[in-house]
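Q: Structure incoming, see below.
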Amino acid sequence: MAKEITVLGSTGSIGRQTLEVVAAHPGRFRVAALVAARNDELLAAQVRRFRPRLAVLLDEERARVLAEMVSDPGIRILAGEEGLMAAACLEGVELVVAAMVGIRSLKAILAALEAGKDIALANKEVLVAAGQLVMDRARRLSRQIIPVDSEHSAIFQCLRQGGRVAEVIITASGGPLRQMPRAEMANVTPEQALNHPTWVMGPKITIDSATLMNKGLEVIEAKHLFNLDFDQIKVLIHPQSVVHALVRYSDGALFAQLGPADMRLPIQYALTWPERWDLDVQPLDLAALGHLEFALPDLERFPCLELALQAGRAGGTYPAVLSAADEVAVEYFLAGKITLTAISQVVGRVLDEHQPEPVPDLEGILAADAWARRRAGAVAEGLSF
């Protein structure tokens, strides 16, 4: 029987690649619901191809346009928060792919867990902001959170060995600015920062990769996903992006997961876990690679990583504020309003001004997120050209 899935964020990079994986295995998946923020044309094309029972656009005006484009009585069209929650809880769905950027889908993910769904999680901001809340809910309900990020999928696979974990190592390519002096980074254009050397990703995560903020967010995410102490998680720069993560056990044994830089691999593993299916990808040729490089990150050149590690270690509402402030700062950079180096200035200022809540509930997390967005916008305006 085909596995029914819902895709939250179907028009984004991960959502599109998820549907590529689904299309590569005809008859083995059934797309029950698709959710997008505002891309009505692409969502309409996806709806026509995969024929879900439900299609949702968060933008209510565009949802009306979508209804006219689809015009199929067998497909329900909904909008806004109501539609998002309906898609997350749709009856018969086994797995919800959470691939929307930011924490807008947090309530929907919690509702999906309550409705008995497993989650294939590609949204790191949700676990950064509310990791304890989400993981506690999943454990209480005996539901599975399966990571989609390549690094966390790699850790997930390396942890199948059993035994006490001494250390987890997350790798980073170093991004397009890996060898650029800090003084030159202020002149980097959005086009330069979006030119990632190994991965094809959405714009927000690509900029986070350029600043190494992404790696700091991944450390926080790993802490919650795998119930680790913060100091058990390390970061190494690995330009080839072949080794995605490593796990060192207490006996000194070190397990690594290697593979090509192709997001379809971790996406498919999340969709098919605990099974492993065939996938048409170019095999990794280690002999052709010849060598693999590893180095420690330079926290002075990449202060966003240091800010993320500090916020993660402090806990409480600091990670939620970090994530929200970064999202706003990245939007300003992509719009050409601030420099790349100003991203860390915005995030640092907002973190410094934050009055944390040590053990936040859902309302506390959402309030911290909203405050951080407002404050980051004000700080960014002050730094804008």
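Cβ atoms here come from the backbone N, Cα and C positions, even for glycine.
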Q: From Glu68, Glu81, Glu218, grab the residue that Swiss-Prot records in the same Mn(2+) site as Asp149, Glu151.
A: Glu218
Q: Pick from Gly80, Gly174, Gly175, Gly202: which one does Swiss-Prot list with Thr11, Gly12, Ser13, Ile14, Ala37, Arg38, Asn39, Asn123, Glu125 for the same NADPH site?
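A: For the NADPH site that includes Thr11, Gly12, Ser13, Ile14, Ala37, Arg38, Asn39, Asn123, Glu125, Swiss-Prot also lists Gly202.
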Q: Swiss-Prot has Ser150, Glu151, Ser173, His196, Ser209, Asn214, Lys215, Glu218 binding 1-deoxy-D-xylulose 5-phosphate. Which one of Lys117, Lys124 is in the same site?
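A: My reading of Swiss-Prot gives Lys124 as the candidate in that site.
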Q: If I restrict to non-local contacts, at least six residues apart, and a C-beta distance under 8 angstroms, what lies near Lys124 (1-deoxy-D-xylulose 5-phosphate binding site) in its own chain?
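A: Within the chain, Lys124 (1-deoxy-D-xylulose 5-phosphate binding site) has Cβ neighbours under 8 Å at Asp149, Asn214, Leu217, Glu218, Glu221.
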Q: At a 10 Å cut-off from the C-beta of Asn39 (NADPH binding site), count the other C-beta atoms across all protein chains.
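A: I get 18 for this one.
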Q: Just going by other Cβ atoms within 10 Å, which of the binding-site residues Ser13, Asn214 has the emptiest spot?
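A: Comparing Cβ neighbour counts within 10 Å for the binding-site residues Ser13, Asn214 gives Ser13.
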Q: In terms of DSSP three-state secondary structure, what is the assignment for Glu218 (1-deoxy-D-xylulose 5-phosphate binding site)?
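A: Note: Glu218 (1-deoxy-D-xylulose 5-phosphate binding site) is helical by DSSP.
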Q: Just how many other Cβ atoms lie inside 10 Å of the Cβ on Thr11 (NADPH binding site)?
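A: Summing over all protein chains shown, Thr11 (NADPH binding site) has 23 other Cβ atoms within 10 Å.
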Q: Within 10 Å of the Cβ of Glu125 (NADPH binding site), how many other Cβ atoms can you find? Include all protein chains, please.
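A: Counting Cβ neighbours of Glu125 (NADPH binding site) within 10 Å gives 26.
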